[in-house]
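What TrEMBL lists as active site is Glu174, His250. Summarising the annotation, TrEMBL assigns active site, nucleophile to Cys369. Residues or ranges marked as substrate binding site in TrEMBL: 19-28, Asn110, 137-138, Arg214, Asp252, Asn363.
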Amino acid sequence: MKSLEVNFDGLVGPTHNYAGLSDGNVASLSNAHDVSSPKNAALQGLKKMKALHDMGMGQGVLAPQERPDIFSLRRLGFSGSDASVLAQAAKTSPALLSACCSASSMWTANAATVSPSSDSADGKVHFTPANLTNKFHRSLEPETTGNILKAVFNDENVFEHHLHLNDNDHFGDEGAANHTRLCTDYDDAGVQIFTFGRYAFNRAKPMPMKYPARQTLEASQAVARLHQLDDNRVVYVQQNPAVIDQGVFHNDVIAVGNQNVLFYHQQAFLNTEQFLGELRQKFSGDDLHCIQVNSDDVTVQDAVNTYLFNTQIITLNDGSMAIVAPMHCYENERVKAYLDNLVTMGTPIKEVKYFDVNESMKNGGGPACLRLRVALKESELAAVNPNCVLNDELYGTLVNWVEKHYRDRLSFDDLTDPSLLVESRTALDELTQILNLGSVYRFQR
Ligand SMILES: N=C(N)NCCC[C@H](NC(=O)CCC(=O)O)C(=O)O
């Protein structure tokens with residue numbers, strides 16, 4: 001094994017709930033205020049991780065963030081004991097309390113953009129946490145995300161950690177959800193595709209009318225600069241504003257890539273032909289598979305409802321690829337028929353594996369949202385914090401940890417319960433020991 005791709009999945013946090021916080025994300029809005037099950041959510045995520053590990057894939061775990069975020073509530077003027085802060089926030093602004101309780105860091109595709117060492121001029125693996133400025137609840141994540149990434153990829157000779165981009169809408173950055181890397185082998189130089197929703201400084205350019213475009217071109221360019229990428233191997237492409245307005249809030253809701261395969265919907269991009277031309281020219285190697293799904297076969301609406309493109313395309317040990325899809329794809333006749341056909345089409349994708357990640361799906365997070373991909377050489381993998389790399393023992397430990405600390409049900413009223421804060425901090429304190437992270441949380445500092 002020379003190199004591999006390791007999926008670092010976000011462990012769902014103990015306050016997972018449905019708060020309807022994400023304008024432009026259809027599932028988040030339509031399931032607002034349903035009762036959630038943090039325990040099932042975390043166990044569903046762990047099952048997916050274990051299944052991929054059992055398939056021989058590299059699989060890592062990223063810790064959740066501390067919620068309720070008492071520090072942000074205090075920063076916004078609530079004071080007194082922790083219990084009083086929670087009670088005042090619930091009374092004054094329930095939406096603010098929900099935002100400060102969101103377990104949204106589970107979607108680690110939004111944790112950061114990662115560039116492997118073979119693409120960066122200095123030969124290091126680069127990380128830039130996403131600033132997630134477009135949504136208040138998500139903008140609370142980058143600082144702790146940076147702490148966690150530094151604790152997992154904790155060798156400065158191998159890993160380069162950047163500060164998240166300036167916290168401003170002009171540099172709105174959603175991380176790997178708008179970034180795809182194509183390559184031949186994982187340790188070959190690849191082509192990095194940065195997908196953006198709008199131009200920060202030019203309102204005359206196309207942009208969505210109804211829902212926000214979360215990622216700007218300027219943010220993507222800044223990340224490419226920080227990661228020391230070669231312009232000849234970078235492609236910028238604008239998301240089709242019309243599909244953002246239909247609920248495609250991140251590009252990974254409508255396109256996904258792995259090695260020499262790009263799987264995308266006909267309407268995903270603006271100027272698709274120009275984009276594919278540039279991609280073909282920059283991708284060295286003649287074996288690039290661009291699999292376009294036409295609207296006649298799967299509509300944008302079906303793609304948004306089933307997350308057909310928020311699937312993980314993984315390379316199995318025999319070199320063939322499999323698609324890791326949510327059950328929603330299985331349950332939709334047209335999408336299921338498409339996938340049944342896809343594995344017979346002569347592309348590298350030969351198999352579909354369906355997973356129940358419904359607790360996450362109800363907030364608009366499919367299998368691909370739950371993972372951050374990191375392509376690593378063997379020597380780089382050896383430098384990763386070993387306590388964060390999944391094996392059978394760690395899986396068992398994490399399942400027991402969830403069973404011990406997580407609630408079966410959570411509704412809005414529970415968020416004001418001061419014992420939820422204590423439970424959450426107790427759980428996370430124990431987790432930092434299991435994963436050997438040190439003091440990554442504010443309450444530990
Ligand atoms: N596509 C990727 N990569 N990630 C999905 C993120 C879903 C997340 N949902 C939320 O934040 C909903 C939270 C709530 O409503 O309770 C978001 O919209 O940012």
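Keep in mind that glycine also has a Cβ here, set from the backbone N, Cα and C atoms.
Annotations in TrEMBL come from automatic prediction, not curation.
Features as recorded by TrEMBL, highlighted on the structure.
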| residue | record | CB count, 10 Å |
| --- | --- | --- |
| Ala19 | substrate binding site | 24 |
| Leu21 | substrate binding site | 20 |
| Asp23 | substrate binding site | 13 |
| Asn25 | substrate binding site | 22 |
| Ala27 | substrate binding site | 22 |
| Asn110 | substrate binding site | 30 |
| Arg138 | substrate binding site | 22 |
| Glu174 | active site | 30 |
| Asp252 | substrate binding site | 27 |
| Cys369 | active site, nucleophile | 28 |
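Residue pair Cys369 (active site, nucleophile) / Asn110 (substrate binding site) shows a Cα separation of 7 Å. Taking a Cβ distance under 6 Å to any atom of ligand 1 as the criterion, the recorded positions Ala19, Leu21, Asp23, Asn110, Cys369 reduce to Ala19, Leu21, Asn110, Cys369.
In this structure, the residue listed as 'active site, nucleophile' belongs to neither helix nor strand by DSSP; it is coil. Counting every protein chain shown, the Cβ of His250 (active site) has 28 other Cβ atoms within 10 Å. For the pair formed by Arg138 (substrate binding site) and Glu174 (active site), distance between Cα atoms is given as 10 Å, rounded to the nearest Å. Between the CA atoms of Ala19 (substrate binding site) and Glu174 (active site) there is a gap of 20 Å. Asp23 (substrate binding site) sits 12 Å from His250 (active site), taking the C-alpha atoms as the reference points.
Nearest Cα neighbour of Glu174 (active site) among the listed recorded positions (Asn25, Ala27, His250, Asp252): His250. DSSP assigns Leu21 (substrate binding site) to coil, not to a helix or a strand. According to DSSP, His250 (active site) is assigned to coil rather than to any helix or strand. A Cα-Cα distance of 9 Å separates Asn25 (substrate binding site) from His250 (active site).
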